[in-house]
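What follows is one structure encoded as structure tokens, with my remarks underneath.
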């Protein structure tokens with residue numbers, strides 16, 4: 001009964017979040033007809049790139065899991081980094097989306113003078129969340145490396161006299177954590193590249209400065225969202241498997257409590273990762289539509 | 001959403017004037033007319049070049065010419081900013097007349113080049 005609730009409650013919560021997101025999106029959606037043609041195109045481009053990136057993320061995770069499991073013959077060390085590697089693929093899609101669009105056309109071109117900086121996009125809730133969870137993952141990997149035994153993939157408790165009393169795994173030691181950290185560095189570097197591309201790409205013609213800035217913030221938020229999802233999923237696996245392994249080898253009250261807390265935190269991270277993936281990025285709403293044309 | 005009209009640069013790739021000179025002249029005009037104030041930051045070269053769809057060298061050259069003319073200064077980490085005292089201290093009345101003339105030229109359907117030719121002709125006729 002309790003085990004059933006453990007899965008039903010998060011699933012129900014996710015369903016509820018999904019419905020709320022859909023209702024809010026539908027209620028605040030601004031129809032394309034209300035937008036200048038180029039701005040509507042920009043929004044469509046953003047949605048298409050985001051859908052392709054999310055597809056690459058999810059399909060990539062499935063394919064990479066299969067590949068790593070097969071190639072390493074039952075010791076899927078790289079499988080621990082699959083979410084982040086799949087995220088790297090999705091971030092490449094976002095990067096290509098930013099680098100290939102929009103292209104100024106026509107013999108007469110107008111640019112509104114605006115001082116754009118990468119750091120302007122590296123602010124806000126999505127950036128802070130991505131930074132916090134990335135820091136959390138780095139911390140978990142370091143702690144896991146310290147707590148793991150010499151094999152780097154299990155945890156062992158020893159009794160007096162160095163007699164092995166219990167070993168359990170998989171545990172996020174260096175063997176799993178190393179590839180995760182490397183993949184995290186790659187993913188963070190790709191996010192930085194997306195921010196750079198989103199900052200330096202051409203402005204959307206006919207968009208007023210505020211709308212143009214909003215479109216750039218959306219691009220940045222999509223990158224942070226993918227990173228946040230992948231990091232939370234990796235954290236979920238590390239904490240869940242690490243906590244479960246620790247529960248099997250520790251019988252002290254405090255150590256057991258910490259292990260149980262880590263396991264539960266892992267489950268929570270798993271749910272939060274899906275919530276992050278569902279959470280909408282900044283977008284053009286009815287109230288955000290420009291009221292004044294740009295002076296050219 | 002801000003209602004403040006933004007300062008912009010328009011490039012005509014078919015015009016006889018080179019693109020860098022068009023950018024330089026318009027930025028210089030904005031500075032002299034007070035639309036860009038001392039301390040205002042100009043866009044990063046790469047960003048403005050992307051917005052206009054031209055090579056970064058085009059905008060970089062325009063910025064260099066502005067710097068040589070004492071209108072802007074470029075500092076590492078800060079970027080390119082409008083220099084203090086770079087405006088020609090135009091009297092407000094004269095500035096208003098210039099704006100009124102520009103509006104009249106627009107209403108008359110003159111292109112930018114034709115308008116500037118008109119001004120040059122008037123300057124020549126006045127002995128400047």
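Every residue, even glycine, has its Cβ placed from backbone N, Cα and C.
Cross-referencing A:162-180, A:181-199 with TrEMBL places the feature transmembrane segment at A:181-199. Most Cβ pairs under 8 Å to the transmembrane segment (A:181-199), among the stretches A:75-96, A:126-148, A:220-241, A:253-279, belong to A:75-96. Residues 49-50, 52-54, 56-58, 60-61, 64-65, 68-69, 153, 172, 175-177, 179-180, 182-184, 186-187, 190-191, 193-194, 197, 219, 222-223, 226-227, 229-231, 233-234, 237-238 of the same chain lie 6 or more positions beyond the ends of the transmembrane segment (A:75-96) yet place their CB under 8 Å from a CB of it.
Residues 46, 49-50, 53-54, 57, 80-81, 83-84, 86-87, 90-91, 94, 121-122, 124, 126-127, 129-130, 133-134, 136-137, 140-141, 144, 170-172, 176-177, 180, 184, 187-188, 190-191, 194-195, 198, 262-263, 265-270, 272-274, 276-277, 279, 281-282 of the same chain lie 6+ residues outside the transmembrane segment (A:220-241) yet bring a C-beta within less than 8 angstroms of a C-beta in it. Counting only same-chain residues 6+ beyond the ends of the transmembrane segment (A:126-148), those with a CB under 8 A from a CB of the stretch are 154-155, 171-174, 176-177, 180-181, 184, 188, 191, 220-221, 224-225, 227-228, 231-232, 234-235, 238-239, 242, 246, 276, 281.
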